[in-house]
Amino acid sequence: MGRSFYCYLEGAIILFLHLLGSTLALLLNFLACLASFCVETSKGAGFGLSILWVILFTPCSFVCWYRPMYKAFRSDSSFNFFVFFFIFFAQDVLFVLQAIGIPGWGFSGWISALVVLKVNIAVAVLMLLVALFFTGIAVLGIVMLQRIHSLYRRTGASFQKAQQEFAAGVFSNPAVRTAAANAAAGAAENAFRAP
């Protein structure tokens with residue numbers, strides 16, 4: 001087995017741990033928002049949003065960035081690398097926002113924890129733990145983006161290769177070819193039709 005396989009395996013394991021860590025952070029965020037809601041009942045919107053974040057981010061993380069990364073390494077696909085980079089970067093930006101913890105957004109970050117510190121110290125400590133977890137996940141995400149990007153560049157992949165893969169994939173799909181042919185036929189028919 002070549003060196004690229006072991007680099008892939010290392011990257012896949014670390015990203016899987018990142019996926020598990022982000023899921024744990026979201027579950028802890030849910031518990032912290034629940035505790036905050038129990039102490040201060042006006043925090044219901046934040047608690048409701050924390051439920052949404054757990055339900056939304058956990059499966060979407062797996063489907064939208066972990067699977068494309070896995071497929072990118074498995075098949076050396078530039079297109080899947082680009083999908084991974086785009087979505088993982090967007091999620092990492094969200095983790096930075098979660099670490100900041102804007103009150104009312106359902107994130108138990110630094111600002112939310114400091115606001116709750118005035119109300120209940122135990123809940124604030126839990127929220128500070130979650131903020132620390134979100135910060136660690138965000139930093140790990142940035143480091144992983146850099147590492148995966150360096151692995152990607154070493155494979156000789158490029159944006160042009162990703163475009164070619166996308167075009168080949170789209171035009172090899174029979175449904176897309178049929179839709180394109182129908183659209184072209186309709187456009188040609190409308191062009192020759194008198195107004």
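In case you wondered, yes, glycine gets a Cβ from its N, Cα and C as well.
Positions annotated as transmembrane segment by TrEMBL: 12-39 (among others).
The transmembrane segment annotation in TrEMBL covers 45-66 (among others). Distant neighbours of the transmembrane segment (45-66): 15-16, 19, 22-23, 26-27, 29-30, 32-34, 36-37, 83-84, 87-88, 91, 94, 98, 103-108, 112; these residues of the same chain sit at least 6 beyond its ends, with a Cβ under 8 Å from one of its Cβ atoms.
Per TrEMBL, transmembrane segment is recorded for 78-101 (among others). Same-chain residues lying 6 or more positions outside the transmembrane segment (78-101) and placing a CB less than 8 Å from one of its CB atoms are 22, 25, 29, 53, 57, 61, 64-65, 68-69, 71-72, 107-113, 127, 131, 134-135, 137-138, 141-142, 144-145, 148-149, 152, 157-159, 161-162, 165-166, 169.
The annotation transmembrane segment is assigned in TrEMBL to 121-145 (among others). Taking Cβ pairs closer than 8 Å, the transmembrane segment (121-145) reaches residues 11, 14-15, 18, 21-22, 24-25, 28-29, 31-32, 35-36, 39, 85, 88-89, 91-92, 95-96, 98-99, 101, 107-110, 112-114 in its own chain, all 6 or more past its ends.
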